[in-house]
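Have a look at this one before I ask anything.
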Amino acid sequence: MATNARILGFNSPSALVAAGDDFLLGAGGGIVIRRKEESSQWIPCEGRYAIGALAFSPSAGLLCVTEVKLDVSLHVFRFPERHHLQCIDNVATVDVQHMLFSSDGEMLALLTCIPTTCVTFYSAARGNRLVKCASTELGGVFCKHLTFPLHRHDCIAVLEPHGVRIACNMDSATFVPSILTLSSKGHYFHSCVWGTEGLYCGAGRGQVVLLDELRTDMKNYINCETPHNVTALLQNGTLLFIGTECGDVFTYNIDQKAQRLLVRLGRSVVRLLTLPDVNDVLVATSTDVTKISVDTAQSVFVRRRSASDTVKLLVLGGLVVIVCLDGSLVTYDQDTNTAGHTPVRFPEKVVDACVVGSVAVVVYDSGFVRSFTVENTVSVVSQMKVSDCPLTACTSDGVSLLAVCDKNVVHFIEVADGLLETAASSDIFACAVTNLRWAVNGGRSVLAACNNGEVHNLRFTGKCDSASAGVTVDMTWRLDFPVNDFLPLYGDGDVINIFVHSVDKDTKMYALERQRVKESKPLRPYFLMRDHECGGNVLQRLGGDSIISAGGDGRVVVRDISHYLMKLPPVPPTKEKKHPLKEFLLRPFGRGGITCLSVWNAAGGFVCGGNDSVVHLVPVGKSPIHYSWSEPFWHQRAISTSPSRASSPSDAETLSAERSRCRIISALADLRMEVEKLLQERTPTVRAEDFLLPEQRQAFNEECEMEIHKAREDDYYSLVHNEFVQHTIKTECWDVMEVQRSKIVSMTDPETEVHNFHLRKPCAQRAKIQKKIKLMRAIQIKTEECFTLSSLVKRAKEGNLCTEQQVCGPPSDVDELLYDTLDVYTGPRATIQLILLECKILHEKKSFNIRFDTLRERKSRELNLIAERNGRCVRIMQQLGEHTCPPNVLFTPVFDIEEDPQTVFEVFDSEIDPELLKLAVKSDDGELVVSPSDEAALKTWMDGLEKVTEVLRVNVPIPPFADNSLEQYVPPEERSDEQQRIFEEYEKEVAEQTVLINEKKELLRGEVAALVKANMTSAKAIDDEIDVLRTDRMLVAQLVDELELHQVNALCLFLLKKTIRNKFLGVKREEEDLLCRLRQLDSLYEYRLKLYLASEARVQDCIEEEKNMITDMRCLPPFTDPDWGERLNRRFTTWRSKYEDGLAKVPEPTRSGVVPIPLWEQYCQCCRAVVEARDKIIHLRGEADALNDEVVEVETEKKKAQFALDDKEKAEEACRKEVIEKVLDIQNLYTLQQGQVQDENAMVSDDFTDFSIRWVKNITDYNDLIFASFDEIRSLMSRSSQLRQSMKTCSWETERLLYCIGTLEMELRQLHTLRVTRQMQETIHTGAVTSLEREINKMDARIEAVRSVMSKKVEERNRVISKLKMQINDRRAENQYLNNQVQALTNSVEDKKAVWGMLGEHNNDKDRLRERMRELYENSELEELARCQQEELVRLKNEVDRLREATFPSFAVVTRRTAR
């Protein structure tokens, strides 16, 4: 058996480099070096911290290693000597995203992305020490990759998700690195590499995008035949290697434009690295590192790891089984040195695993338990779902019994030949179970530890003939702290000794006494040890007298426990004085350290792993551990399922899949026949929904309820949104207005209307300021001491002012206070002008609103008069006997509801959808709901009801004998004289009344015409006034606009500085971009010029070689032949000159002519040599010309960039001059010479005809004032320079404080990282779920469940409370009745005692004793009855309190306070 330890797996693909024939991979805190088939481990640093990234420079022989601590340190080694040269601390805060050397090894670049993206550059100085030369911040964009250009180290490309940033001038000591940003259009980049033609970027769907560095544009370069993303790129010579997300590796020949598929790996390609052999390439995928031969497309595994983190390590027979988080299994056989990876495609995550007999049992977070055999092939023997809750831990007796637990339930499962069968379960736990361990006393007992520190001893009773298996709780103990892991050491009938890794980071030994009375006081440990700095994670038994433990510090400790394997006397907690037997530092600190450990063999060997894919295999537990091994042979193994053991033999799963399928098919056939028969019988009456299954019907009902609930919820939120919008409008646009919006509409034309002006509510503070400004301005005008430019300007006419203000309204009190436009050139004056203009605008608006209100009141009065006239017309028409009025009689003015300002928040029936209005008219109870508009119309109609108007008509009663409708009717020929006389009088009276009625009707019709005319006249008058008011409003609006423009002009003085500053900053920003572009072009120009000069030198060398070759040919055959040499030389010279002119061809050996054949062949060889040399020169000349064209192209771009930069510099200078002219208020100063006579108004007058004479003394005074102003300017300029210097000092102080802030933020992030790390460790140790979304879903489900349960409990509590109240009332009545009986009995006893004493019969001792005994018996019975009733009351009260506490926990607090 090999005694050397070995390591499986590696940290990440970023911790991979190829150094000559060696492959270096970071594994934990060390580096695995593979050379050919042998591997070894090298600990470059302390080994306590993980290796992050590796970078190697073959030219300089430097190896850079990052060590991830609380911050990141960079170590520099000389390799392969492994000599430590340098350590640079704090190169990154969390981790290094990418680290890369330039092609010449002179520059190292580090990319960090947390807290912000930063690229740091180090140059290799003398002595091969790295010196930081530059650092560039890229902001908050997450970058992925770095790449240097070929044969250059002064620039680098940084890959972003949607673009590329190019940093230039990294090696310049004068300039800081300049950044050029190039964004893509519709591409998401995953990888990049700098090649010969430019920057290649890998995008989605197999696309490779080429970035042209000169033109700064992108174009599609290659389209690979794959739908996956391009995740890795590498150029090696003329081949471009392309790695994809699906594991395909393509090659693309840049010269031939040919693409081919090299190999399919099946795993996502992460990195591609070059090797010393140009025919090989190193491919790093997510799970392995492979060397691929380009010619043969054969692959050789360099190193491999599992696809996910390690959860459990098992030793089954001679195999080491690695159980991964995703369910995959990795087996390692030491005898054959082979490792097999078996992917298990289950959607669950693995929680724990253990060995039962010859099978491995794995538990999942979905509640499933599966058993596997791993001897020859990995196969699933059995599976079953134990619980709906996620499982947390498992343990076994190693033979046939398995115990698993979810949150609060422990399940016992019997295992027979790998078949799983549920035996029993126990749910007596109040808290979550975290750890399970099998007892050591040989019985079927399990110790279960909870997260509150309790340890329960569960005994599995087994099956019998009459009953099923059961679980009993023998004993419960409470420890002082919860445990991370524990291990039973010794057990008998009295005590159980356990070894514990506690959460307080101590290792302890407890004695669990079986006879101990249950107390609330926790147990105290017997011995305390501090084996692990960060606390222990796992414990295992190592032989009979020792244990092996591992912790978060990455150490494995072996300790002797022989003195714990007995019953110990009770002792106070003491510190263990014995030191561990062995200590091994195997894994780095962080990420939980060692989380899984298993004993390998009887020689003290063990295997351990953590929350990654690195596994240490130590065959012999001796110190020190020597790591040297041959890499195992990896093979992929497929999982198989045993047909007879694919399911568990429980109640519903005992039938095989084939039998179930046959039964279902037969049942479906019978059901199909019954359905066809039923359809034939009841086709007309059967509905389609009758065939729905109950589950489908229930699902449909649930969907309907969900849609109804969603609709109601949407309606509710829309109503809430509408209310919020109305509230916002009312509070921010209505309540703040002193005068709300309103309008007046013409009586005849609805399009003619006039609006008022909105006015906000006055502010008291603003009114005070306005009052003070007016007073100050009035005092300023009165004193006339202020200088004004307007006084220097001559006006054509003093009274030629804008007269629109006079026609718009009365003059304002601020008209005389306003500044002239020319005088508003300082900040204070602009402020005063703004306030005065605001007062002026407010005055104009108020003046117009007064006229508006006057017209509105008048219109209201006229509308009332028109309504009265219309009413009079209606009554007149009724008197005239017409029931309906003609349209031309009644005047109907135009009505607009918006004339009332309050209607803005009212909704009328005309604004509602008629369909919705029909639904809203009737309420649910069938009563008619009258809308407000209908109610107002009804009120108006009722108010208009009056007495019936008498109609004007002839009202003369006809005599009865003349009415043919009566019985007294007498025909005219039969009437008497008297009747004839009466009828004549009747006719006469009818004629008179007819004339009178006609006259009244004519008068009424004239009155109607007058009323109609009056209505039209008043309406026309109102309309004319509205037109006039509209004109006035237009003038006022124009005046307000003009005043607001003056406000804008005054406000521009305040905004001028900011505007000029923004303009200046924009120009500077564009200038910086152009400068970065120019520096990048300079770098590109130098690189291409260097290539051109090298190519030109190669051309000259080839020309010299050709000349030397021709010269040397003269001394070689055939030109040395004495007969033909001179002739052939002349012929060769002639041929060469003609061939250069294109007039001759290469001679053929078969056409020798008279020349001897051997000499002619030699002559032809010389010609071919010349042709080959000439072709080589032409080819090199073409390359040189192409490079020259590229240089010229770069020069052209540089000129364009330089011209643009010059333009930006001119724009910058213009901005500076604009600042001097506009911001500093500079005016031209005119110096008057001594004795000069000049008019100071001449420069602003139309001509020089008007001037004034000045004395010489006045001129002298003016000059003195000018010189004094120069002195003042000098003082101001010095003061401004001092202020500028102080501003620079403040800027420097600000930068220093910002640096201090950055330092403090960095320390805060480090502390936060430490806290998050510790929280992650606690989370991993406690087994809590780390998915926030899952926790939120669980909490939501928990809330809903608690809500439903609590509602049921509330209802139950109310029923119980009412029942208890009734019982209490009954008990009270019963107690009152019993008290009355007791009182009556007491009185009777007292009376009998008195009578007895009077009679003297109590002297009989026998009777007295008998009565005394009976009295004592009665008293005891009554006392017992009272005690029972009191206990009953107390029990009922406690029941009420318990129900309250269970239903609402806050009631429990109130109950306690009340009890106190």
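Glycine is treated like the rest: Cβ placed from N, Cα and C.
Relevant sequence annotations retrieved from Swiss-Prot are reproduced here:
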COILED    1170-1214  coiled coil
COILED    1399-1446  coiled coil
REPEAT    46-87  repeat 'WD 1'
REPEAT    91-132  repeat 'WD 2'
REPEAT    184-221  repeat 'WD 3'
REPEAT    303-342  repeat 'WD 4'
REPEAT    428-468  repeat 'WD 5'
REPEAT    529-569  repeat 'WD 6'
REPEAT    589-628  repeat 'WD 7'
REPEAT    911-951  repeat 'WD 8'
REPEAT    1129-1170  repeat 'WD 9'
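What's the neighbourhood like for these features in this structure?
In the predicted model, residues of the coiled coil (1170-1214) average a pLDDT of 87.
Assigned with DSSP, the residues of the repeat 'WD 1' (46-87) fall into helix, strand and coil as follows: 0 helix, 27 strand, 15 coil.
Across the repeat 'WD 5' (428-468), the DSSP tally of helix, strand and coil residues reads 0 helix, 19 strand, 22 coil.
Sequence-distant contacts of the repeat 'WD 7' (589-628) (same chain, at least 6 residues past either end, Cβ-Cβ under 8 Å): 1-11, 27-28, 30, 38-41, 48-50, 68, 305-315, 320, 322, 324, 332, 334, 532, 534, 537-538, 540-543, 548-556, 558, 582-583, 1317, 1320-1321, 1324-1325.
Look at the repeat 'WD 9' (1129-1170): DSSP puts its residues at 26 helix, 0 strand, 16 coil.
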Which residue counts does DSSP give the repeat 'WD 3' (184-221) for helix, strand and coil?
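Grouping H, G, I as helix and E, B as strand yields 0 helix, 19 strand, 19 coil.
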Would you mind listing the long-range same-chain contacts of the repeat 'WD 3' (184-221), meaning Cβ under 8 Å and 6+ residues beyond its ends?
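Tertiary neighbours of the repeat 'WD 3' (184-221) are 144-145, 147-150, 157, 159-164, 166, 227-235, 240, 242-245, 252, 254, 1077, 1080-1081, 1084, 1190, 1193-1194, 1197.
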Go through the chain and flag residues at least 6 beyond the ends of the repeat 'WD 9' (1129-1170) whose CB is under 8 A from any CB in it; none is fine as an answer.
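Residues 1106, 1109-1110, 1113-1114, 1116-1119, 1121.
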